[in-house]
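Engineer: Pulled from Swiss-Prot, these are the listed features:
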- Asp387: active site (ACT_SITE)
- Asp439: active site (ACT_SITE)
- 93-172: domain 'PA' (DOMAIN)
- Asn58: N-linked glycosylation site (CARBOHYD)
- Asn99: N-linked glycosylation site (CARBOHYD)
- Asn150: N-linked glycosylation site (CARBOHYD)
- Asn155: N-linked glycosylation site (CARBOHYD)
- 1-27: signal peptide (SIGNAL)
- 28-198: topological domain 'Lumenal' (TOPO_DOM)
- 220-250: topological domain 'Cytoplasmic' (TOPO_DOM)
- 300-321: topological domain 'Cytoplasmic' (TOPO_DOM)
- 343-347: topological domain 'Lumenal' (TOPO_DOM)
- 369-377: topological domain 'Cytoplasmic' (TOPO_DOM)
- 399-428: topological domain 'Lumenal' (TOPO_DOM)
- 450-465: topological domain 'Cytoplasmic' (TOPO_DOM)
- 487-491: topological domain 'Lumenal' (TOPO_DOM)
- 513-534: topological domain 'Cytoplasmic' (TOPO_DOM)
- 199-219: transmembrane segment (TRANSMEM)
- 251-273: transmembrane segment (TRANSMEM)
- 277-299: transmembrane segment (TRANSMEM)
- 322-342: transmembrane segment (TRANSMEM)
- 348-368: transmembrane segment (TRANSMEM)
- 378-398: transmembrane segment (TRANSMEM)
- 429-449: transmembrane segment (TRANSMEM)
- 466-486: transmembrane segment (TRANSMEM)
- 492-512: transmembrane segment (TRANSMEM)
Amino acid sequence: MATHHARRLPAAAAVLLLVLLAGGSAADDASSDDDAGVPPSPGCSNKFQLVKVKNWVNGTEGTIVVGLSARFGASVPRDIHEAQKTFAVLANPLDCCSNSTSKLTNYIAIAQRGECAFTAKAKIAQTGGAVGLLVINDNEELYKMVCSDNDTSINVTIPVVMIPQSAGKKMKGLLDQGARLEVQLYSPNRPVVDLSACFLWIMAIGTIVCASLWTEFVACEQVDERYNQLTRKDGPNSGTTNREDKEIFEISAKGAIVFILVASVFLLLLFYFMSSWFVWLLIVLFCIGGIEGMHVCLVTLLTRICKDCGQKTVQLPFFGEVLTLSVLIVPFCTIFAILWAVYRHASFAWIGQDILGICLMITVLQMARLPNIRVASALLSAAFVYDVFWVFISPLIFHESVMIAVARGDNSGEAIPMLLRIPRFFDPWGGYDMIGFGDIIFPGLLVAFSYRFDRASKRGLFNGYFLWLTVGYAVGLFLTYLALFLMDGHGQPALLYLVPCTLGLIVILGWFRGELHDLWNYGRSQTENLVDEP
């Protein structure tokens, strides 16, 4: 990427984050049940279902445990009112690989994983009269219980559910102490319309529109560069005569391809070497970029609202003359980011993450620019291939989707922060709807370019490109969530839908209007004229 007048260190950190954020550009539903990679067979063709295991100890309700149903056996009810509350008992022997000496009739049996096949455990529990079987895993994962190749006749008519090791040990300990344990198994449906996804859809579109219109409708017309950063004042006329001297990264076609290659290498590094310390490194970088973005947005907004705020300055060592408002806002932004990092696992932490992320993306979309559609085609086409490869094709090579594994933080236990996310408030399974920064910034660069082109060409709202590209992005993002729904929540490469709906749309519109040549070469003549000037 080519840079023009690059002078500020925090902005360099924001660009580094732009490289990092590409690792989270797959929309993913981390809490969905997953049938991929485990083909069904005759008599063993149930769809895997997440199961809620509601439990009571001596009549007192405990914490709901989430389990996973098997490929075989009966399905658990969808409605809690159809699920029966049943007493549970430990199988004896605990592995349930031979006839139990404890009474299982009309009980839900609890057995330990191991020593024999899952189908064998289920048949023995069923023969003993059990009405269900809970299998305690040997770790916290929910292992997919399938049939073995030797199972030729499977006639299991009771539900079989895998539960995590910690929950199983707790249940076993209570039963060993003589407590009465009751359980209720059910698997509620997710809502057809996910309102949280609608809110996320609005946030993503709003971020792009806000970033595109920011300079004209938010930034002051006559504003000193000092509002933007703690920078030295270059001269008495630096604010008005050198406004274009602010940092702008104009992306080149070659730089776009290199960027995607570097992002791919970085994604592989995250996939293989992601750990808790690596996550902390990403968190620190995200906080730096978020502080920079929030500082720029707040100072710009306040200066726009209160003109006098942009007049008071103070002399600082090294920085020289800077706005007093800028100095006062830096601690607020820093404290905000630190508090988010400390409480990032809290239920409300998504609010702070989204605020920092939106501010960062608005700032990046002000700083990085596409000069024309030629460069946009190189960048978005490469990003399109990148997204599709690392989500859909990488499982054929790495046995799992690299993009989704990195976004979920499978190797570190924590998702990367370069995501906008909203809790599923109306989903009985909880979880988050997420969208990676790359799915907003890459198309956002093109939408912002279309607005600049419309302004330079003095076009109206309907005969320009900005409105139609905004609508195209909205449609593309809608198609992404529709694909998520149709694919049962399996992660989708959002750019698969967003690139055709934005880049494809502007190319078709430009060709139809006879303006494709102007869009393709926009800015090149101006650049050549600048180079020829003494």
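Each Cβ is built from the backbone N, Cα and C atoms, and glycine gets one as well.
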Engineer: Using DSSP with the three-state reduction, classify Asn99 (N-linked glycosylation site) as helix, strand or coil.
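Structural biologist: DSSP call for Asn99 (N-linked glycosylation site): coil, neither helix nor strand.
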Engineer: Drop a 10 Å sphere on every Cβ of the active-site residues Asp387, Asp439 and tell me which sphere holds the fewest other Cβ atoms.
Structural biologist: Asp387
Engineer: Tell me which of the recorded positions Asn58, Asn99, Asn155, Asp439 ends up closest to Asp387 (active site) in space, Cα to Cα.
Structural biologist: Asp439
Engineer: With every protein chain in view, what's the tally of Cβ atoms within 10 Å of the Cβ of Asn99 (N-linked glycosylation site), excluding that atom itself?
Structural biologist: 12
Engineer: Could you tell me whether the transmembrane segment (492-512) and the transmembrane segment (429-449) have 3+ CB pairs under 8 A, leaving out pairs under 6 positions apart?
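Structural biologist: The answer is yes, given that the two segments have at least 3 Cβ pairs within the 8 Å cut-off.
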Engineer: When you scan the chain for residues with a C-beta under 8 Å from the transmembrane segment (378-398), skipping those not six or more beyond its ends, what do you find?
Structural biologist: 22, 25-26, 36-37, 251, 253, 256-257, 259-260, 263-264, 267, 271, 370, 404, 438, 442-443, 445-446, 491-496, 499, 502-503
Engineer: About how far apart, in whole Å, are the alpha carbons (Cα) of Asn155 (N-linked glycosylation site) and Asn99 (N-linked glycosylation site)?
Structural biologist: 17
Engineer: Please report the distance from the Cα of Asp439 (active site) to the Cα of Asn99 (N-linked glycosylation site), rounded to the nearest angstrom.
Structural biologist: 55
Engineer: In sequence order, which residues at least six apart in the same chain have a CB under 8 Å from the CB of Asn58 (N-linked glycosylation site)?
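Structural biologist: Those within reach of Asn58 (N-linked glycosylation site), by Cβ under 8 Å and sequence separation of 6 or more, are Ala179, Arg180.
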Engineer: With DSSP, how much of the topological domain 'Cytoplasmic' (300-321) is helix, how much strand and how much coil, in residues?
Structural biologist: 10 helix, 6 strand, 6 coil
Engineer: Suppose I define contact as three or more CB-CB distances under 8 A, residues 6 or more apart in sequence; do the transmembrane segment (466-486) and the transmembrane segment (348-368) meet it?
Structural biologist: no
